[in-house]
């Protein structure tokens, strides 16, 4: 995650010196999510053939190499050649990142089959820390040592971890895949859960091109304090995720309520973030930070239960338990998250430019509102069907007849 987030503080200015426009810089950032989306679908589909351990280790190795390679791009001639190499290296980084993340989700779910949500929630602590620490660390190394050092440092750290993971990770045997990817994704419940993943990621992606500009303009804070404001969202998400995962594992019937209320709470918070002009409330810094903290918590409520819910749905529809299914679910989860990370910044940047941050945030809240309503309607229909089927299997007349016969026998 630090390799992903390290670019923010200094790469746009460096790319501008090399002849890249703001639009091109945005596309360089966006191509990561696009290639991550495409490669996650493919790699998840073939995880059982490739092997989870090999995919994870090779993904880390390639990611470390291309991170170092990105640090050498300042030596490339200005203009189209520099831009082309940026796209190429960023795409390679996205593919290696997809391989490592898809395999890691599958390995964790295989190693801890009864505590999937708890383990994934704990993993989000480190994901959040990587996103939070990446920009300040990258900015410090860039200011102190220049453009190359941040990438070389992180790339070497990743490469150092490759042999460690080769030694400690177990090798899971996998049977040839029988499950169909399209059969999984076309299940109604899985489609709705995919909408949830997409909406949450799009909301987070919306903040990338918009929130720092709004904070600097609205609250006139120094640039160094912008990261501290955003820290409220990252910390609340990271710290609440393990607790929400534990609740999701220990009380599986609570997952649907976490999904529904998490989505609706996110929608309300985005409506209040500006706040929306229709409310006629003046934005205050303390209120802005409080809403970001609540958004972090609500995102965790919706995101953490999704993975075990998709697995449970797959089992209920005849999918066989095993590494191949975990690969499909991991790839699907990562792909939908990447699609939201691609659409969110583009749509958010457009809405922010046309309507302003207040209305843009409120409109962006339509994604979690839609997924929350769709999830609630689905679970109501599912409960109604289960109630109807159970009443058909045990009609009231049968119960009365059975009671009468037992009385006669007595």
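Placed from the backbone N, Cα and C atoms, the Cβ positions cover glycine too.
Note that this is a predicted model, so its numbers are computed, not measured.
As written in TrEMBL, here are the features:
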DOMAIN    1-384  domain 'Major facilitator superfamily (MFS) profile'
TRANSMEM  25-47  transmembrane segment
TRANSMEM  54-73  transmembrane segment
TRANSMEM  79-109  transmembrane segment
TRANSMEM  116-137  transmembrane segment
TRANSMEM  149-169  transmembrane segment
TRANSMEM  190-216  transmembrane segment
TRANSMEM  222-245  transmembrane segment
TRANSMEM  257-279  transmembrane segment
TRANSMEM  285-311  transmembrane segment
TRANSMEM  323-347  transmembrane segment
TRANSMEM  359-381  transmembrane segment
REGION    388-410  region 'Disordered'
Rounded mean pLDDT for the residues that make up the domain 'Major facilitator superfamily (MFS) profile' (1-384): 83
Listed stretch, out of 54-73, 285-311, 359-381, that has the most CB pairs under 8 angstroms to the transmembrane segment (323-347): 285-311
The transmembrane segment (149-169) touching the transmembrane segment (54-73) per 3+ Cβ pairs under 8 Å rule: yes
Long-range Cβ neighbours of the transmembrane segment (149-169) (under 8 Å; 6 or more residues past either end): 2-3, 6, 10, 53, 56-57, 60-61, 63-71, 107, 137-138, 141-142
Paired segments the transmembrane segment (359-381) and the transmembrane segment (257-279) in contact, 3+ CB pairs under 8 A: yes
Distal contacts, the transmembrane segment (257-279) - CB-CB under 8 A, six or more residues away: 193, 196, 199-200, 203, 244, 247-248, 287-288, 291-292, 294-295, 297-306, 309, 357-359, 361-362, 364-369, 371-373, 375-376, 379
